[in-house]
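Trainee: Structure provided below as structure tokens; questions to follow.
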């Protein structure tokens, strides 16, 4: 900046005498184009070539890796199953005024009848039941049981009465002609909707021709609803339904299972009817959507995830800390020994690093058993009584020991590469100025090695909080991590939404730590195997 | 630490030797669990500890029956072959795509270099269980779950960061005037790549490939979710064995895997030395 203050900014074009710029124009490249354009073009081409080299891999990673992660994030909030399986019920619930004090009115049950009848044919009601069961226990059996009953509801009285009043109503061909008429469809909205659903169902699920099948009861029930609402379309058989024997659909549902008139059940269905939900995330932190729709804590006995997250964190910290404790002396030794000796000793660090994870985990499973080598040795040495062998496996101790062994190389390698850069003369200088060994180490060496501790700790911590295999095998029940719970929800309980939400939280945690690691160390400085 | 000066006090001597003992103990902790597997795998009994016969070095106490089981029992042979069918293909994919991309990334003007790098490295950062969950959901949607190619693609994705890191590290020391010289002498880009660039970056490519291979060969979480019984790999079989009925054959399998790691470690060390020598000779 001092330069620009003393000398005026140079403007070669303007100060050149004789107007050379206007005479010769801008500088030209060999092919006659302006040099600037030519350079720009070369730069563009270079960028394009680099991009072409990268793009196959980028596309591959986006499809094979990034898309799956995005799918998981999406699944943690996705909740289309309720509105897809019970579209009419969800729409009717939106109009309903009774909730949350009382069970909803008859229209909701009429809509549910149609929805559940169709869902039972597709067998999708059981999946919906399992989904809602995550939020309120008992809903799975409710849907399963009523799904069996719904085909046998006493709504055939409508069918019989309509057919008796107008025999043409029994003919599916006549029906299909009426339902092709827009005016009739407009006058009989519920009937048209039920008819369309029945046609789709017959073709898709049963693979029959709707023109040859008997029209199902729920279509006549919808027709009764339309007529009862006062519809009288022209071109459609006019039936007087005022004398019809009628039946309450609500009562039929109550007869099938009295939980159907429980407002709490309906509140759950209503709460989870939107396409997206925060329910899985609330569940991940031991909360849930209360009856009023606002988040509240789960009962004490159901609170497990926060404890599990907390345990994952503190055990990872314990593992990281043991890694520092064991890794620091080794890294210090390796960095102060002559290179040739250090390289030989380095093999002792790299061999575990390269050995299969399963091998190391098997080794610990074998060693830590109550009848294993460690307990045998301790008994032989007389340190432990034969009857009181140490419980070293299937608890937190087992996980910490095995994981420390597995992650120790990840601590030693970054520590070593940082310590290598500390000139040994610093320690000698400190000592020559009167520092004793400890002061020289503590005041000079240690502060210089802190970046290595930081890098190694974050690396070990990141790796540790996402670990699955080792805790699963040596952790028992008290030494498992959040990852094990995620795996359980994917493969055993099949609550994928909750697994996705737990995974998303863990991912956010890891990415934050990774960001910190990138700030401190930089990804480009990740070194593999020394 | 390279030895004590002659004027060291008694305290310093005591501290020095106890420090060495501590270090030896830590090295023991690192290496002993792996080494102890090897003699245990020759146990004549179905125990996971040393029998009195073994401790007395009685030949009766040792046998190769667990190895015979490992090499004849289809429970182990089928997974072994599955692993050998999956890992090389996944490695080939990672190396081919990864090397090209690393060369692209090392060009001087790459837009969004940091962002691209972060995306390509991400499979190494994201915890395996999360990758496995995502791949399970996504691959079942597109029909790849439970297929050979699903597992290969997943493993290739996991191996790519290693290839990218090792190859870009080699390319940092690459003298770009060599490719220009080759072009000047009339070689096309393809010929330049295979005759000039490839031989020089080969150590990086091979060690990246070894990392990718071991990643796939040793991987169990993703294959548990993305694979089905037909793609059961060796680590999967070991995992099932450890979780359900643990059989001593697992120790034989572990010893075989340890031998493979030793071979890989030696190969990498040789490659590293060669790479250093080559770079020492190159004018850059």
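If you go along the chain as it appears here, the first residue is 1 and each next one adds 1.
Positions of Cβ are set from backbone N, Cα and C atoms, glycine also.
Worth saying up front: this structure is predicted, and the values here are computed from it rather than measured.
Feature annotation from TrEMBL assigns transmembrane segment to B:19-42, B:86-105, B:117-139, B:151-174, B:200-226, B:246-271. As annotated by TrEMBL, domain 'ABC transmembrane type-1' applies to B:80-268.
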Trainee: Any residues 6+ beyond the ends of the transmembrane segment (B:200-226) with a Cβ under 8 Å from its own?
Mentor: 83, 86-88, 90-91, 94-95, 98-99, 128-129, 131-133, 135-136, 139, 144-146, 150-151, 154-156, 158-160, 162-167, 169-171, 174, 178, 233-236, 238-239, 260-261, 264, 267-268, 271-272, 274-275, 278, 282
Trainee: What same-chain residues lie close to the transmembrane segment (B:151-174): Cβ under 8 Å, and 6 or more beyond its ends?
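Mentor: Non-local partners: 86-87, 89-91, 93-95, 97-99, 101-103, 105-106, 117, 120-124, 128, 131, 135, 139, 144, 197, 200-201, 203-205, 207-209, 211-213, 215-216, 219, 222-223, 226-227, 231, 233, 275, 279, 282, 284.
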Trainee: Who are the chain neighbours of the transmembrane segment (B:19-42) in space, where the CB to CB distance is under 8 Å and they lie at least 6 residues beyond its ends?
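Mentor: Same-chain residues near the transmembrane segment (B:19-42) but 6 or more away: 1, 48-50, 54, 62-64, 66-67, 248, 251-252, 254-255, 258.
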Trainee: For the transmembrane segment (B:117-139), could you work out the same-chain residues 6 or more beyond its ends whose Cβ comes under 8 Å from its Cβ atoms?
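Mentor: Cβ under 8 Å, 6 or more out: 101, 105, 145, 150, 154, 157-158, 160-162, 164-165, 219, 221-222, 224-226.
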